[in-house]
């Protein structure tokens with residue numbers, strides 16, 4: 001039995017209706033949810049949360065007005081709204097909203113981040129989210145599962161992002177639509193485990209879940225990953241599945257580095273970057289985006305924030321930052337960006353004429369020092 005089958009209480013391929021333990025949305029998706037909700041329902045179920053993280057603080061009058069409408073709706077419904085404290089997926093974990101949960105849905109494609117807790121967490125559209133907010137339940141077709149079993153220990157400069165770029169690339173030619181990725185024998189810390197499940201959707205998976213004991217039963221594909229031989233990786237434009245060892249693109253000139261997001265904006269990941277930047281000066285625009293206010297607070301308390309500022313980096317308020325290309329570090333025409341986010345589609349971070357490479361915080365920080373993509377082994 002796969003983890004998904006266990007959590008949904010049904011066999012692969014079956015269609016079931018299940019109660020949802022947590023439903024959440026953010027400032028980018030709530031306006032459409034409100035429209036759909038008002039056409040069909042009157043009261044929101046109690047286990048509903050809203051986060052302002054995508055474009056906050058509001059950079060335009062239009063966005064400010066949309067956020068005002070969300071606040072008015074939330075006030076009518078008694079929905080908690082968490083503003084400017086960080087990214088929804090990170091805060092859901094920090095606040096314990098999914099503790100003891102089995103099923104979580106969110107109006108964001110990276111809701112599977114919470115799969116690091118061992119729950120079935122999926123992103124759904126605005127209309128489906130409105131239904132869950134009104135009924136407290138929804139339907140699922142139990143997905144098939146692909147297992148990823150780690151072996152060995154990663155090298156000192158290899159992070160979860162490197163593993164995921166490798167995995168996404170390895171699965172590129174396998175039909176992953178509506179399949180779950182289940183991870184076993186995971187040697188990474190909890191901060192890094194969240195990166196694994198967060199990145200899963202970029203393989204076109206339905207969700208990602210971390211399990212404890214691997215049964216080997218019921219999986220449509222089994223993928224073994226030897227971390228001891230895995231080099232630092234980078235995903236070339238314009239897809240996360242364009243993964244290659246960093247050394248293959250070493251020397252590529254870059255204009256900006258972004259370290260953060262729901263993928264790599266946790267304390268441990270920013271700390272790794274700070275260790276590299278300590279006492280140095282960045283050669284290109286370097287933006288740091290803590291995933292939550294708690295992460296930012298800890299950066300200040302430990303002196304990491306000062307290290308980064310002294311190195312010439314800019315620290316953003318907690319949130320999504322430039323990942324979605326709407327504010328605080330948008331890519332211009334011809335810009336080459338090295339980012340620790342999860343997507344590098346054409347135009348994702350701004351101009352469709354820019355290029356985005358994806359890498360780990362270690363690779364990104366080192367590259368920021370040299371102004372070009374640099375392998376950790378070559379520059380550490």
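Backbone N, Cα and C define each Cβ position, glycine as well.
Taken verbatim from Swiss-Prot:
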BINDING   262, 320, 323  [4Fe-4S] cluster binding site
Set of same-chain residues at least 6 away whose C-beta sits under 8 angstroms from residue 323 ([4Fe-4S] cluster binding site): 258, 260, 261, 262, 289, 339, 341, 343, 348, 349
Extra residues within 8 Å (Cβ to Cβ centroid of 262, 320, 323), [4Fe-4S] cluster: 53, 54, 87, 110, 260, 261, 263, 265, 289, 291, 319, 321, 324, 341
Residue 320 ([4Fe-4S] cluster binding site): secondary structure state under DSSP, collapsed to three categories: coil
Set of same-chain residues at least 6 away whose C-beta sits under 8 angstroms from residue 320 ([4Fe-4S] cluster binding site): 53, 54, 55, 87, 261, 262, 289
Number of other Cβ atoms within 10 Å of the Cβ of residue 262 ([4Fe-4S] cluster binding site) across all protein chains: 28
